[in-house]
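Enquirer: From TrEMBL, here are the annotated features:
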{"type": "DNA_BIND", "residues": "A:17-56", "note": "DNA-binding region"}
{"type": "BINDING", "residues": "A:G91, A:A92, A:G93, A:N94, A:L95, A:G96", "note": "NAD(+) binding site"}
{"type": "DOMAIN", "residues": "A:80-181", "note": "domain 'CoA-binding'"}
2 protein chains.
Amino acid sequence: MKQQTKISEAVVRRLPLYLQALNELSRGEVQTVSSQALGRKLDLNPAQIRKDLAYFGEFGRKGIGYDVSYLISKIRHILKLDRGINVALVGAGNLGQALCNYNRYSRDNMKIVAVFDDHPDKIGMHINTMRVQPMEELKATVEALQIRIGIITVPAAAAQKVADQLADAGIEGILNFAPAILKVPPSVRVHHADFTTELLSLAYYLEKDADHDDDKVVD
Amino acid sequence: MKQQTKISEAVVRRLPLYLQALNELSRGEVQTVSSQALGRKLDLNPAQIRKDLAYFGEFGRKGIGYDVSYLISKIRHILKLDRGINVALVGAGNLGQALCNYNRYSRDNMKIVAVFDDHPDKIGMHINTMRVQPMEELKATVEALQIRIGIITVPAAAAQKVADQLADAGIEGILNFAPAILKVPPSVRVHHADFTTELLSLAYYLEKDADHDDDKVVD
DNA sequence: TAGATTGTTAATCGATTAACAATC
DNA sequence: TAGATTGTTAATCGATTAACAATC
């Protein structure tokens, strides 16, 4: 067991990717996978995959590769997904509702168990089996349900206030969908999930001219 | 004008961030901003900001800083957002509908102008003013509306097929929300927007024990 | 003029990839 | 045994940060 060396964020962010690919292989009844095969699947360098995994232990067998189920269980453990993790979502708008319904995370032991909103129109509404609660109930609910992660899907202008409230309620991590940089105490980790960044940067790579027929102009 | 040197992805991905912060400053009637002030706002090193911008030209004034409106117009130009860019969305589920409604991009000259789905239940449905169209109409609509970017919000299992169809229709960029690695021709650029990665990696940084009272156990 | 801040070069830091002995 | 593949060290590559002359 190493764990001493501080693991870089880049490595940690690849772990869920590995998990994803491995889950797929597992569903396909694949027993064993090499770093090369996994790399092909994920468009990643095999040496990088081996190195990433080696930070956490010796999970493979020389000449053979990695046992799929075993590696899944190891990565789940590393990501602390071997216990269920409860999540609260703040902001019951379109995006928030979509995330609540979209429950792909539950397979990975993460579950949105409470939804909050400030707006009277939203409070009391039902999403799945959850009742949208007012922000005043945040702290008590976080404590009662042992919620550890918060998702922010409110407009940018409200995001900082919500982050403060989540931090105050004792949340340990925030996934922020609002296009805003949040200031939080060091005990709280923030991950950014604002896809407008990805969408706008995509535009950079478009061909120069809006008109496709750049190099074959006729008239 | 440089542009010769290939700009790294990391740089390009920061441009929308700059744009975001600058737009905010602009709304606050701020005329001028220094790399230091911008860095504080975005939690970025000022030298990095200056270097990033310098790849594209000399936009600042020594001793003064950057003119906010001027820099906005420059970055918008670099990102090719000075012309409108039409976007198609495929997958009219919860997430897809949310993205259609959430029209924050239109401010940045990007607009979802068509929605597609394969499922009979969805086809013909209305989201905003858009009618959900069957996939058979994809190619014709992409050409008619000069759509250049596609957003994928279908389940992972269907994502590759949709990517193939988008590529075939002549799309230049894809924003993929499905947890799947897409294989596309080199003419198409794919950006990944699967937030489950961000959510799961957040778990890694939680305190070891699910029980908060780690260091103050009583019973 | 003095203070501030850019654009840019050089120094540092970190991450990715190649290579290979160990071994299944 | 021969072939495959790991774990790990060394080499490479690239990105970030520091420093500073130029100049508003």
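Cβ coordinates are placed from backbone N, Cα and C, and glycine is handled just like the others.
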Enquirer: Near chain B: which of the binding-site residues A:G91, A:A92, A:N94, A:L95 have their Cβ closer than 8 Å to one of its Cβ atoms?
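Expert: Sorted by position along the sequence, the hits are A:N94, A:L95.
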Enquirer: Most Cβ neighbours within 10 Å: which of the binding-site residues A:G91, A:G93 is it?
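Expert: Checking each of A:G91, A:G93, the winner is A:G91.
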Enquirer: Which state, by DSSP, holds A:N94 (NAD(+) binding site): helix, strand or coil?
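Expert: Once the DSSP labels are grouped into three classes, A:N94 (NAD(+) binding site) ends up as helix.
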Enquirer: Please report the number of other Cβ atoms within 10 Å of the Cβ of A:L95 (NAD(+) binding site).
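Expert: Total other Cβ atoms inside 10 Å, all chains included: 23.
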Enquirer: Give the number of CB atoms, excluding that of A:G96 (NAD(+) binding site) itself, located within 10 Å of its CB.
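Expert: Its Cβ shell of radius 10 Å holds 25 other Cβ atoms.
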Enquirer: Once the chains shown are all counted, how many other Cβ atoms turn up within 10 Å of the Cβ of A:N94 (NAD(+) binding site)?
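Expert: So the Cβ neighbour count for A:N94 (NAD(+) binding site) comes to 17.
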